[in-house]
Structures are given as structure tokens and as C-alpha cells.
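**Student:** My questions all concern the structure below.
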Amino acid sequence: MFREPVRWEREKQFYRRYQYIAGVDEVGRGALAGPVVAAAVILPQDFDHPDLADSKRLTPEKREELYQLITAEAVAWAVAQVENHVIDEIGILKASLKAMAEALEALKPRPEIALVDGKFVTPWVGLQKAIVDGDALCKSIAAASIVAKVTRDHIMIEAAQRFPEYAFEKHKGYATKQHLEALKAHGPSPFHRYSFRPISETKRPEEIGLFRRRTRLLLF
């Protein structure tokens, strides 16, 4: 008979050598607006919860519940974000890795090793292991994905109060039909990522303002 896989077996391989194991993940890479947000979490080695999983597999209500549990019981946790204008300057991959590195750097105690979701390690100066699909294989990465997701969702809900015409509270900046229709109707806001298509094909607000000022000067 085949043995059923042990839950979080990938992370447990590190338990024999390290006490402080951090999981780090980011959310918001594919969004058209808002920051990319990363979280780093060090969990007690005996921590587990039957609903703990990759944040994408959870309902918003369950994510909020687990967020409260994780942040209350973690040995340490931290979040970091890279804003949309920086994403436009350095690109989304570098921005994502930068956010994860900053979250790791903020952890106290300092982790002995960081398990990074994805193919790449971060600029953080410390021992790291990149793990593809890490949020499904490592409980600390799953916890980090939940903390990052809830944090970013709150940011986007607040942004919706400043820019109500885009309904950020519903789609969190991703390219839904509703969001794309709002972009067509209102154009992009200062909260959008101008290096992302289809926004990259439009003018920035400051460019529109400069064009209008030049037009007025020519008219007078």
C-alpha cells in the first residue's frame, strides 16, 4: 500500500537543523493597481490548523480568522510592501523579491533559514531555499501567504474610499471585467501600475495635466 503524504512534509525536513524557520510569500504580482505585499512568518514547530492552506484556496472569512490566529501565535511575523510607482520603475519581479527581503529583514528573532515561495530567492542576506508551490508544501509559507493576502486586501479596501469609481474593494486591483470597464470609463488613477497593460497604453495623469497646461499656453 502507498503511504499517504505527511502534511507539511517538505518543511519538516528542516526541523532537525533549524529552530527559527521563516516562510515568506507575496501577493499582488498580477494586479493592475496597488502595491505588492509580502509577509514573513516564523511559526512554532508544533503549530498547525486543519484549515491552514494556501490563501488562494480559502474564503475571505477563513483568511481573516486564520490571520488573527497566525499573528497571535507566531514566534515572529512581519509585512512589507512596494508601492505601484516603484513597481513601474524596477519591474514586478524585483519589486516582489524586494518586498519579501524587507519582510524577512524585519523579523525578530532573525530566522536561521527562509523558505521562499517560488523559483527565486530574495536579496535578503541570509540562508534561503526557494520552493515552487511552497504555499501548498510548507506551513510557514502558507501562513505568510494568508498574512500577506489579508494585509493587501485591507489596503485595497482603504484605496476604494479614495477611488470609489474603480471598486477596488471587490476585485483588489486585478483585471476583472468590472475593473477593465472602470478603466475604460475613467482612465487610470495614481494608484494604478502604468507599466502594466492595458494601462501602459494610456497617458499618466501628470502627462495629461502637462499636455493641458501646454495647450492653454499655446491658446493664449
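Numbering starts at 1 and runs along the chain as displayed.
Note: Cβ is positioned from N, Cα and C throughout, glycine not excepted.
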**Student:** According to TrEMBL, ASP25, GLU26 bind divalent metal cation; which one of ASP88, ASP117, ASP133 is listed for that same site?
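**Tutor:** Candidate in the recorded divalent metal cation site: ASP117.
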**Student:** Reduced to three states, what secondary structure does DSSP give GLU26 (divalent metal cation binding site)?
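**Tutor:** Assignment for GLU26 (divalent metal cation binding site) reads strand.
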**Student:** List the other residues in this chain whose Cβ sits within 8 Å of the Cβ centroid of the divalent metal cation site residues ASP25, GLU26, ASP117, in sequence order.
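**Tutor:** Sorted by sequence, the hits are VAL24, VAL27, ALA38, ALA39, SER96, MET100, VAL116, GLY118, GLY134, ASP135, ILE141, ALA144, SER145, ALA148.
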**Student:** Taking the Cβ of ASP117 (divalent metal cation binding site) as reference, which residues of that chain separated by at least 6 in sequence fall under 8 Å from it?
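**Tutor:** Listed in sequence order, they are GLY23, VAL24, ASP25, GLU26, ALA130, ILE131, ASP133, GLY134, ASP135, ILE141, ALA144, SER145.
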